[in-house]
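J.: Would you mind keeping the following structure in view while I ask a few things?
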Amino acid sequence: MFDVIVIGGGHAGVEASAAAARMGKKTLLLTTLIEQIGAASCNPAIGGLAKGHLVKELDAMGGFMGEITDEAGIQFRILNESKGVAVQGSRVQIDMDKYRIIARNKLLKLPNLEISQEQVSALIVENDKVKGVKTNLENIYFAKKVILTTGTFLNGLIHVGENKLQAGRVGELASVNLGNYLQTLGLKMGRLKTGTCPRVDATSIDFSVLEIQDGDVNPKAFSFRSRNFNPTQLPCYIARTNTTTHEIIKNNFYRAPLFTGQIEGVGPRYCPSIEDKINRFSDKESHHLFIEPQTIDATEYYINGFSTSLPYEVQTQMLHSVKGFENAKITRFGYAIEYDYIEPTELKHTLELKKIKNLYCAGQINGTTGYEEAAVQGFMAGINASLSIDMKEPLILRRDEAYIGVLIDDLVVKGTKEPYRMFTSRAEFRLLLREENAILRLGKYGYVLGLLSEQDFAYIQNIANNLQKGLEFLLSKEFTPNNQNNAFLESLGEDKISSIVNFQKIVARASFDIEKLKKLDPMFETMDNYSLREILNEAKYCHYISMQKAQVEKMKNLSELKIPENFDFKSVSGLSNEVVEKLNHHKPPTIFAASQISGITPAALDILQIYIKMQKKKA
């Protein structure tokens, strides 16, 4: 008898099984190929805009992805560095082979975790409660909780031109029996599609005609726990399609599964295939292609931006039309893959299914796309399954606390009909949810759960103390416009002042940096750069942060007004049939959750608030 069984060893499965095992739960990870644990099935990179935030938040609570990325990273960049800190994002090219090996080895060393190479064929469900699983080897395993992290494997169907192949990804069997079994549970399910790009032999690429894209000169680690960080970095390259490429693709639209009706699933809006781009943006004469090394030895390159399901011979033809790729040899062809998913409105915020008790879902099965989105869901599912076993309150992150909270709330409340990708624009309070303050926001949860060490938490507390001391100093001290103070400002390269201002106003200037902050007071010279960056950020955005915190308080009031689990919305007079239907479908746990549902009007919310408050008074 296991406490937790995790089905699938992708990024969600890695984090789910690790979290449960590290929280003291006897855990079993079942996966089709042990060698493929933690595999990056598509692009060789972790992070990016908003995705980097997710990894930082995961790391802040003790997840594995950030640490593994730092160990396997071969190029480190901060995206949007010229823009505000709220929308900057860390992105790391990884050695895909090394990443996989590190992930597998970290799991194999966990004392409470067993791993078995088996494919689950069915669940054992009694009275709407999951009790265990059955596998293709006819083994039966019982567990208190089961977490589905099946990725693209549920009835996975690969498309290349007119050809179709049942598979979870190339070279691995689709999970047909489990996919069919889930259809019998009365869950709302759908079909989604994603795709991948060709990989090319490095010796066949003419790099001399490509634009080089180097990593940052002073790379920053993803994980605050990474020690002795000094990575070897490789360049990426940029190529461009041209009108000849586009003509080849257009001439073969009739062979594209995307357009022939062969593919039924909905693809990712923000990561379209090259044929979809040519069709949708027919006026563009060129599209960027990012040429990314797959490993540190750089023998193969991933052609990012060239995702396709066109026939093999067409892929070769269109790639040869790109400058620098005239003699390119494709080592692995691109393809599209369709798979089953469960509509995420079927889930609670804990990621447990509403209809099947003790059954949790994480990753692409919930309608998301991306390694990072999958990893954080797996982590939260593993945590909440473990907390439930211990009869403890679940960990549900609010929208103002974390991008993880935004992601899960969007899925559970709004649902999705297309692969969901995280963006900074999805977060209402993104100035509060910066990458670098993730440890200050979420470290306490990781520590309480036993996923962060005493040493790690002490480091976080030290930064928090430095931040508090630094801000108190800046807000309490004043600059008067005398000759001595103005001379000091001029020595820093700053403009003089003509009226009394506090230090925070000086530090808030765009030109004020860490080196200048150190000269402001000896206290700052003793602080580490992490603390100093946070003091600068808080000082520069002080006014806007205060505004967002006021908005958060309003949201909290709505979030604290809970709607009873089996609430009868029909009993509320004044609500239209449409509103009642939507509320019954989504079953929002709070008034705030109800406010996020499309079509729920402010008037309906007012009526609902008044009714629930009256019922609470009567009780």
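Any Cβ shown, glycine's included, is placed from N, Cα and C.
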J.: If I go by Swiss-Prot, which of SER175, SER307, SER309 binds FAD at the same site as GLY8, GLY9, GLY10, HIS11, ALA12, GLY13, VAL120, GLN364?
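T.: Matched candidate out of SER175, SER307, SER309, per Swiss-Prot for FAD with GLY8, GLY9, GLY10, HIS11, ALA12, GLY13, VAL120, GLN364: SER175.
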J.: For GLU275 (NAD(+) binding site), which residues of its chain lie six or more apart in sequence with Cβ-Cβ distance below 8 Å?
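T.: Long-range Cβ contacts: ILE249, ASN252, PHE253, ALA256, LEU258, PHE259, THR308, SER309, LEU310.
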J.: How many neighbouring Cβ atoms, not counting its own, are there within 10 Å of the Cβ of CYS271 (NAD(+) binding site)?
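T.: Its Cβ has 18 other Cβ atoms within 10 Å.
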J.: Determine, from DSSP, whether VAL120 (FAD binding site) sits in helix, strand or coil.
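T.: The three-state answer is strand.
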J.: Nearest to VAL120 (FAD binding site) by Cα distance: which of the binding-site residues GLY267, CYS271, SER273, LYS277, ASN279 is it?
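T.: Nearest by Cα distance to VAL120 (FAD binding site): GLY267.
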J.: With Cβ-Cβ distance below 8 Å and at least 6 positions apart along the chain, what are the contacts of GLY10 (FAD binding site)? List them in sequence order.
T.: GLY38, ALA39, SER41, THR149, GLY151, GLY363, ALA374
J.: Going by C-alpha positions, which of the binding-site residues (GLY8, ALA12, GLN364) is nearest CYS271 (NAD(+) binding site)?
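T.: Ranked by Cα distance from CYS271 (NAD(+) binding site), first place goes to GLN364.
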J.: In sequence order, which residues at least six apart in the same chain have a CB under 8 Å from the CB of PHE281 (NAD(+) binding site)?
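T.: Once residues fewer than 6 apart are set aside, PHE281 (NAD(+) binding site) is near HIS287.
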J.: Going by C-alpha positions, which of the binding-site residues (GLY8, ALA12, GLN364) is nearest ARG269 (NAD(+) binding site)?
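T.: Result: the closest of the binding-site residues to ARG269 (NAD(+) binding site) is GLN364.
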J.: Give the three-state DSSP assignment (helix, strand or coil) for CYS271 (NAD(+) binding site).
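T.: DSSP assigns CYS271 (NAD(+) binding site) to coil.
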